[in-house]
Amino acid sequence: MTIAIGREQERGWFDLMDDWLKRDRFVFIGWSGLLLFPCSYLALGAWFTGTTFVTSWYTHGLASSYLEGCNFLTAAVSSPANSMGHSLLFLWGPEAQGDFTRWCQIGGLWTFTALHGAFGLIGFCLRQFEIARLVGLRPYNAIAFSGPIAVFVSVFLLYPLGQASWFFAPSFGVAGIFRFILFLQGFHNWTLNPFHMMGVAGILGGALLCAIHGATVQNTLFEDGEASDTFRAFTPTQSEETYSMVTANRFWSQIFGVAFSNKRWLHFFLLFVPVAGLWASSIGIVGLALNLRAYDFVSQELRAAEDPEFETFYTKNILLNEGIRAWMAAQDQPHENFVFPEEVLPRGNAL
């Protein structure tokens, strides 16, 4: 009789690494964690460092750190100087030449934060894909998170790439983002852009749907215990439904005349509306990067120029945009030394 003894198959370094990364632990790491955790740590660290210590005097002529007297709303990691163009501003590159102080002064922390932040967001999206695959879920969480990634990449990376330099990207700070929004309105008439309109409809529509859905579920909870309220009389492992879809359907059928009768379609709609809005606004920002125009109602502008008694909300907004451009350009781009004579500043009923 012959006895065959099988040899255990040798496992390579990849298999050992795979086992270690996917081990069940309090904070899952996974392959996506190799991208997520270092990039997120470095992006947040750079942002906290910049807002605490680094000035924007050499890039924007501004104070932007806690050290200079700013608060949480006015501190920022500001975009690099216009003269830097689209350089990645490596610490060891020709601009900084290994000098950390000079690197901070010319805006190196901004490119560092933007690029590591983008890869951190992508790593978080891949993390959702990876965990969903391991536990047998569909990947719709990761698909939904593509919306915020698209917005971040289009606003912070693609828009300035279409313009003259990183200088025209938003700074990483609350007031800095507000300044960027005013810039988009004045120089691109962003609020009249159809992609902006779709983005607003998606985000506000998603908030409305979320509120309606949550309220409807709360309204139709089953009285399934002695204390049947929102926080009691429910166990996470129970097999029974905790609210009545039938009652909810009857309620909204009476309110609107139509209602969702399929939970899967209902929740897909809740997913689709805000994500579609985020993607639409991202596409619009890419259009702005290429300096594509929004709606132009030239006939109204011509008539308003000829007839002082004719004015529309559109012509008022056009005048306001001219004002933003004229008064903002000199403040926003001090390195250009803009000087506007009074006769070129906008005048009209809107101002």
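Glycine too: its Cβ is placed from the backbone N, Cα and C atoms.
If you look up Swiss-Prot, you'll see 39-59, 123-139, 151-164, 206-226, 277-293 marked as transmembrane segment, on the strength of sequence analysis. For H116, the entry in Swiss-Prot reads chlorophyll a ChlzD2 binding site, with the evidence type sequence analysis. The annotation pheophytin a binding site is assigned in Swiss-Prot to Q128, N141 on the grounds of sequence analysis. Here Swiss-Prot flags H196 as chlorophyll a PD2 binding site. Here Swiss-Prot flags H213, F260 as plastoquinone binding site, drawing on sequence analysis. Look at Swiss-Prot and you will find H213, H267 tagged as Fe cation binding site, backed by sequence analysis.
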- Rounded Cα distance, in Å, between H267 (Fe cation binding site) and H196 (chlorophyll a PD2 binding site) is 24
- Of all the binding-site residues here, Q128, N141, which one's CB has the most other CB atoms within 10 A? Q128
- Take the C-alpha atoms of Q128 (pheophytin a binding site) and H116 (chlorophyll a ChlzD2 binding site) and report the distance between them in angstrom, rounded. 18
- Message: Just to verify a number: CA distance, F260 (plastoquinone binding site) to H116 (chlorophyll a ChlzD2 binding site), in angstrom, no decimals.
- Response: 42
- Among H116, H267, the one of these binding-site residues whose Cβ has the fewest neighbouring Cβ atoms within 10 Å: H267
- Message: At 10 angstroms around each C-beta, which of the binding-site residues H196, H213 has the fewest other C-beta atoms nearby?
- Response: H213
- Task: Calculate the distance in Å between the alpha carbons (Cα) of H213 (plastoquinone binding site) and H116 (chlorophyll a ChlzD2 binding site), and round it to a whole number.
- Result: 36
- Spatial separation of H116 (chlorophyll a ChlzD2 binding site) from N141 (pheophytin a binding site) - C-alpha basis, Å: 22
- To the nearest whole angstrom, state the Cα distance for the pair H196 (chlorophyll a PD2 binding site) and H116 (chlorophyll a ChlzD2 binding site). 27
- DSSP output for H213 (plastoquinone binding site) maps to helix
- Within 10 Å of the Cβ of F260 (plastoquinone binding site), how many other Cβ atoms can you find? Include all protein chains, please. 18
